[in-house]
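Q: What TrEMBL lists as transmembrane segment is 28-45, 51-69, 81-104, 182-210, 247-269, 275-297, 309-329, 349-374.
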Amino acid sequence: MKRPNFNIHITSLGGRCDLFNRTWIPPITRATLVVTIIFISYFILDFTLPLIYPFLISFAIALLINPAVNLLERRFRFPRWAAVTVILLLVLSIILSLVIFLVAEIVVGLTQLSDFLPTALETFGKKFTDTFTQENTSMRRIIDTVQSYLEQNPSHREQITTSLEHNIGVIANNGTNMITKILSAIGIFLSELPFFLTVLVFITLAAFFISLDWKRLNRGIGNLMPNRVQSTGGLVFQDMKKALMGFLRAQITLITITALIMLTGLFILRVPYAITIALIIGVVDLLPYLGVGAVLVPWITYALLVGDIRLGIGLAIVYGIIIVVRQALEPKLVASNVGLDPLLTLIALFIGLQLFGFFGLIIGPVFVVILLALHRAHVFRDIWQYIIGNDKPDNPRS
């Protein structure tokens, strides 16, 4: 006897669907699932990043030195461990040599500047005092005029005195707070130095072992991931690698241009210790929010106050050239090295700066690179196809 068919069908706007077909999920449920997975992934990353960041840095180092390690291994028949050791020691030696050279150059320059600064400060103090004490100077005439006005208007004198006392108190408090923060930052740095050195040892050891087992790790990760994930992840990884190296090249180029412009300007102005000052300004150019202005603005102000108009105007011109050149070249250099459209790079830099401050100049372009890589890998298309329910494979037999 033939069994009756109790299967129930429902006709909807999208056509007929089987009520008991468990493969059918409403698009809103699929979209909710996708959003939930994204949020869970974000919170997992936010929790685990402080725990695994040394190993991520180690992985990046191993990735960078891997071509050189492979060259020694294949061309010169080095054992893998020996090739990794040689390249790591070479990289560490280069970095340490650069640090020692910069520190030594800065120390020598600061020592020479320490002999020059007392005389300069004494000259500045004398000029400043003479401006207010000597007769028939512009500043003295202004002071006499203000004093005469205040004597004739006692009520205004009280208001101005109160305002000056308040502003002086604010300036003193801000100065005290700034000094306190600087001393606190130095104390924190010194207290964290052992931890930093320990992390550095972990990074070096992890980079050694990752590079040593690079091929085995690649095979293991490849066996764990489906082919589609491998191809998508590989595309994103290659784009990220290209973007990272390009961004580093762009920043090194910008710092070099800044130092060369500064060095040329100092030579033209015949400023002593030009090389040391240019190196210091090149390093300061890396500092968030401060940049070249942290050195040049006080220097220009001092030069104008002591009456060295030629030096003050010359430094101001050099500062203006650096700002114009950097602002003009940064979007183009980042775009050409990272592989983005210049306008898109400019938008990414501005949005990143607004959202994340200085570090947004790095986060913005990197985020756009990731989005473009995911787009080229059809990740967004596949997610959309899944949400609307059209997630069947192209080949049903696969």
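Even glycines carry a Cβ here, placed using N, Cα and C.
Automatic, uncurated: that is what TrEMBL annotation is.
A quick note: this is a predicted structure, and the numbers were derived from the prediction, not measured.
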Q: The transmembrane segment (51-69) vs the transmembrane segment (81-104): three or more C-beta pairs under 8 Å (separation of 6 or more)?
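A: Judged by the Cβ rule, the two regions touch, with the required three close pairs present.
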Q: Within the same chain, where does the transmembrane segment (349-374) have neighbours whose Cβ lies under 8 angstroms from its own Cβ atoms, ignoring anything closer than 6 residues to its ends? I mean 6 or more beyond.
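A: Counting only partners 6 or more residues beyond its ends, the transmembrane segment (349-374) has Cβ contacts under 8 Å with 232, 235-236, 239-240, 243-244, 247, 288-289, 330-331, 334, 338-340, 380.
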Q: Do any residues, 6 or more residues outside the transmembrane segment (182-210), come within under 8 Å Cβ-to-Cβ of it, and if so which ones?
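A: Cβ under 8 Å, 6 or more out: 54-55, 57-59, 61-62, 65, 84-85, 88, 92, 217.
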Q: Do any residues, 6 or more residues outside the transmembrane segment (247-269), come within under 8 Å Cβ-to-Cβ of it, and if so which ones?
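A: Non-local partners: 275, 277-279, 281-282, 285-286, 292, 310-311, 314-315, 317-318, 321-322, 325-326, 329-330, 333-334, 336-338, 362, 365-366.
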